[in-house]
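Only one structure is covered here, and it is reproduced in the block below.
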Amino acid sequence: MISFTQVSVGPAFTVRYVPASDPPGSVGDFIDDVAVGDFVVIDNGGRTGCTVWGDILTQYAAIRGIAGSVIDGVCRDVDRAIKDGYPLFTAGRWMRTGKDRVQVGGVNESVGIGRVRVNPRDIVVADANGVVIVPRDRARGVAEVARKIEKSEESIRELIAGGATLTEAREQLGYHILQRQG
């Protein structure tokens, strides 16, 4: 995560990188196909020896209204993401470009981010705590449960501020049952 403090939500536009062929293929040309509000989800196979995202992609994505980027791998030029307030979530930072090292192997296909499978148009929710991928067909139900949990947690904070114990507040509001829904 690169210094991001807001919640960013959008449907996944997935990209899969593979080792470069000879001659090497494209690195970031997919970006023109990403719709406003989409969240770029890049499977770079967890590579930490080269990047697939830098300042030009950050600037262009921000200008185009792309919701953010999640990378199973590393990025570079993080100062641009910080300056632009662009939501960028990665495994770390590194300065070596992916050009001539990796290339786009596919777009809008099922990809892996760590051990999480992400399908095109799944819903990405990201904030300062990290990233959650919600299967598109479950998004409405998950959102309803999340709203109930958020409301319950606000009520718990009010109850404990008024002197209740945490156990009492959670029991009164059925908090642990909410965690099992969805």
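Placed from the backbone N, Cα and C atoms, the Cβ positions cover glycine too.
Whatever TrEMBL says is automated annotation, not expert-curated.
Annotated substrate binding in TrEMBL involves Gly54, Asp55, Ile56, Leu57 plus, out of the candidates Arg64, Arg76, Arg93, the residue Arg76.
Each residue contributes its Cα atom, and for Leu57 (substrate binding site) and Asp77 (Mg(2+) binding site) those atoms are 10 Å apart.
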